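Have a look at the structure below, then the notes.
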Amino acid sequence: MYKTNDLILRTTTSLIAFILLGFAVYLLLAGHNSPGGGFIGGLVTAAAIVLMYMAYGINLIDKIIPINYRTLALIGLLIAVLTGVGSFLFNEPFLSQTFGYFHFPFFGEIELATAMIFDVGVYFTVVGVTITIILNIANDQ
Amino acid sequence: MTETIYKATEAILDGTVFICFIAISISLLLLLYRMIAGPTSPDRAVALDTIGINLMGLAALVAIYLVTPNLNDVILLIAILAFLGTVAIAKYLEKGVIIDRDMD
């Protein structure tokens, strides 16, 4: 087996992965008022991580991103459930959502909704499940 | 006067979008022929990548036609997915594995 040279792929990956991660965060935060949301943001993040795996191999990326993706999916589900349970603290039905306007020193007035936390849970779950599936298939002999 | 100019520009825009729809459709048909008849796998991979680029153009035209900015994310997403798919096909054709286990 001859040794291949992946210089172009690796250089473009280090550029494109950053753009992909930024786009994923944009999609996650824009989901309230425009297309986007936790699901598609998680898929784009998974795409960025899979691109890094394709360019650099499993061993190196496992050293750079030491995350157990099964635990990540579990944490996401836990966040989503806890946002639902948290509404019991205010004597509201399960999964009630609310929002408020807050003033930040640099950004000005921003509307913050608790649905965002649920979306973050969806995001982590989608990232964890997708990467788990792909890495398990890739590790198969 | 301004009313006439508005109407004329709108007619020009509609005609241009219509012509571009037809042109991209013909391009997609030719690419489909290359995908079906392509003698080797790289031919089909390149045809598939170009179909992705044509779909980006089609999405942009639909965004103009429907007068909405909500399709811009879709265009970027198609670009990302087409790139990822092409890289995966290229790695599979060259090495036999897409994500390699022991790389130095």
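Counting starts with 1 at the first residue shown.
The backbone N, Cα and C atoms fix where each Cβ goes, and this holds for glycine too.
Pulled from TrEMBL:
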{"type": "TRANSMEM", "residues": "A:7-29", "note": "transmembrane segment"}
{"type": "DOMAIN", "residues": "A:8-131", "note": "domain 'Na+/H+ antiporter MnhB subunit-related protein'"}
{"type": "TRANSMEM", "residues": "A:35-55", "note": "transmembrane segment"}
{"type": "TRANSMEM", "residues": "A:67-90", "note": "transmembrane segment"}
{"type": "TRANSMEM", "residues": "A:110-138", "note": "transmembrane segment"}
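Residues 96-97, 114, 117-118, 120-129, 131-132, 135 of the same chain, all 6+ positions outside the transmembrane segment (A:67-90), place their C-beta atoms under 8 angstroms from a C-beta of that stretch. With helix defined as DSSP H, G or I and strand as E or B, the domain 'Na+/H+ antiporter MnhB subunit-related protein' (A:8-131) counts 88 helix, 12 strand, 24 coil.
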